[in-house]
Structures are given as structure tokens and as C-alpha cells.
Amino acid sequence: MTLQPLTPVNCAGLLQQGFSLLQLDGEVLLFGQKGWPKRSCPTGVFGVRFKLGEMKLRAISFSNDSCYLPPLRCPAVCRLDPYDGLPESYLIHGGRTPNNEISSSLYLLTMDSRGCNRKLTLCCKEKELVGEVPGARYGHTMSMVQSHGKTACVLFGGRSYMPAGERTTENWNSVVDCPPQVFLFDMEFGCSSAHTLPELSNGQSFHLAVAREDCVYFLGGHSLSSDSRPPRLFRLRVELLQGSPLLSCETIETGISISSAIISRTGPTRYIILGGYQSDSQKRMECSTVILNEKGITFEALESPKWTQDITQSRTWFGGSAGEGTIILAVPTEGRPSQADVHYFYHVSFQTEGESKADEEAQGCSQESTDYDNSTPLEDSEELYFGREPHELEDIDGEEGNYNEEDEEDESQTGYWMKCCLGCQLNPNKWEPYYSTELFRPAMIFCSRGEGGHWVHAQCMELSELLLLRLSEGSKKYFCMDHGGLPFQEMTPPRQVTPLKRTPLKVKDRKTPPTIKMSPAKKSFFRRLFD
């Protein structure tokens, strides 16, 4: 096993706690980055490349018939191996968005096509469930079971906000454990059913789940009600009978006290557990091998990598599985103000040296020829772009289509990649619609001054809705209150219309008075005559 430091190239700010790593068609994908990307990657899914100790991200495009996939943190992710002629795919349920919204949607992510230049295109579809549908949650697990020639999905655990009747202003963002119910999905017809078992009496979240045939094992987890991590291990057996499914649960005494651990599959029935926490102030530094067979589940101690000083002294760590026997591990740079990056990243490999080199060479050859062209961003109803030209919303040409971190705002300071004026009183996490054009987020307007410009809330600019719509039509320059307010002189001045000269119309049949030519003698004669 090896522990190799990774140097992120313009992507360190994207890998935040709660991200997920997927493996489709031999490629590692990053999902659930820090916020809604703007120009570099409109889909929010990146391809991860490891080469010579460096880690780079490249934008992944979706097919035209795909739905929008928000960046979900701590969702339930389940891999579906190819079966019955169906391709390999991933199920993604729930999760928490960077805007502190908890999702209840279920998405199916598959590979759509491979271009002639090895360009990967994904297809994302939202699956609708009927029946007893699980509510919004995060920190839960999904697993696939097979019984009597049928396949179903098992969902368990997680956290969610307090019920609507109990939420107040003080505890609006307080979360509780979801009821300990087991949900069963029929992926063919989209039917969902909830089951309550006496052995599962307390809710748990951030646990591990491994499945083999018709059994699912729930290991560890954290309980908010008791604020503890008991060494729990349950075996759930699901029999997909002709009528209704039959579920039974058994408590096993050989559990492990662990939460938020990373699990990586090394074979059809072998897994490796790395990381996690034994308590709020103690990380679990040991590694374990999990073996599933006909007799049940067994644990074997595994030699841990030689941890660095940064890993042993850090209070938190997180990561994800990047393939069979490989894990990406991240620790914060605590107490290092001189460090430009927020986290240290490590590549942990439990493969032999020969297998690791062969995989690295294969990955480098297959991905080195990959060249991502510009892709048109998907239409996103949650994005409101004001004062931007259409060409500014397209992907930016870069070296091998790499992600450029400079295109994103620092979420640690802005909360939601939104940087507003200093006097902003609007909380982007708690807001009420102010304009009729607002859908799911406050309306934003782009300030042209500063380091590359930034977004501000239109409400803080004291704009009326008519003015906001008028400004969004053109490509003019606006400045926020911190940069001189809203200068109307910078806008296109109204066109000066010169007044027209009104000449009287000529009447066609108007007769001019007749003139009589007389000599001066005749004029004096007539003057004396009338006088």
C-alpha cells in the first residue's frame, strides 16, 4: 500500500467535505463540488485525472435530454453493475446543496456516448417514485439486493430538518435523525414501500452499507439522539416474493464504532474501510478488510499506511473511493495561513506496486488523448444571468479542458459563490422572493468593477423589477454600492431627437389676390378721388 501526496491543479477549492467519486467506463468522476459552477462546467460533474502526483479536473458534458443535477453533498450513492443488458449506472438520492436545501429526488446517471476523441457524455434522468416515498435526507445509504431473480434498492438512515410544525426561527436549520424505516424501491416500476423493523429502533446516519445477494449489512453510524457512535452491525435480509417483499433483521455483535468512513471495493465480495471517526475528537486511524461470503461477514485487520504528520494531527478528514483499492484523502491545512490551498490531498492505494503502475499507465494513456471541446451549457432554471453576453456563458478553452478555479468565487467567504456589497442585509440561505422573476434563489446582478467583477443582490441595489429587467436586456456596465452605485451615465444614452420644422401645408386651390399695375399719376388721382 502507498500514500502519495497529490498536488491539485486549479481545483483545490472544489473538493469540499461531502463530495462523491463515481467510476463510469473506467473514468473517475467528481460529483458534489462546492457550488453551482458558472462557466467552466455547467453540469457540475468533473473528470478526475491523476498523473505524476498531480490531480486535474476536466468538465464533463451531459446529453441534450438530460435533466439538471444539483451539486449534492452527502447523498446516498449506489452503483448498479451491468445486468439484464442494462449498462453500468449510478443511483443518487437526497443530499444537501450548498444553499442548505435538502433534496428528496432520485437521479439515474449513466454513460450516454463516447466521442471519437474519447470525450465522455453522461445522461442524467430523474426517477419518479410512487407509494411510500422517503422524504428529503442526507447522510444515508442505498444498496442493491437480488432475490428470486428480482432486483430492488434498499434505502436506510439519514438526517433531515425538523418537521414543519416544530421548526421555528431559532431552530430553523436544526437537523434530526430520520425515523428508522427501511425503504424498498422497485426500479422497474418505480414503486416504493416503507418497512419498520423492531431491531432498528434508533435512527442512524453516516454509516456504512455493504450488500451481497439478498443481504445488506449496516455498520456503525452516528445517532443524534444519544450523540454516540455505538458499535452496531445489522444484517437485513430481503426476500422479493411474488406478492409483497419479506424483510427480516438480525443484530450481530461484531460491530465497529465508526462514522463517516470511506469504503472501497477491491473485489466482488471484499471491501476496505479507511478513515472515519470513533468519537467527536478521535479519528479512526486503523484500516479493516471486510469479507462477505455465504457464512456472513468477517473483519480482518489491515496494515495502515504510514500517516504523515499533517494527517495524524488534523482534527477532521474526508475523502472518497477512486476505484478498486484506491482512495482520495483530504485533510485541512489547519494553522497554516501561508498555505494557499485549503486542504492537503493524498492518494491512498492498497494495490500492489505492479498493479498500481499498470493502472496509472493505462489511465494516463486513455485520458491523455481525451480532449474536451466546448459544450453549450444546459438551460438551468435556477440560474439568472443579468448583463452577460451569451458567449460568456460558454465553456472556456483551456489546456485539455481543465477546470480553472479562478472562475469560481470563494465559498468559504461568500457562503454560496455569491459576493455581495459590504452593506448586504440579505441572507442567501434564508430569503423570501422579492421579484416575480426569482425562482429558487435571489436575483443577482453583475458588478463590472473589482478583481474580475462579482455578483451582488439586485435587492441590495434597490432596483425596481422593471429596472432589473431593463438592465438584464443589454450588455452594459453596472457598479454596486461599494463601487460608486449605479451610474446611469455608463449606460447607453438616449438618442437625441432633433425637432422637426413644421412648414405650413400649401392649399391647392387657394387664389392669390389680383394685383393691378398703375402709374404714379393714376395712383395719385385715385387717392385724391377717394379722399
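Using N, Cα and C of the backbone, Cβ positions are placed for all residues, glycine too.
Range annotated as region 'Disordered' by TrEMBL, chosen from 356-378, 494-516: 356-378. In this structure, of the binding-site residues CYS420, CYS480, the smallest number of CB atoms within 10 A of the CB marks CYS420.
CYS447 (Zn(2+) binding site) has a Cβ environment of 24 other Cβ atoms inside 10 Å.
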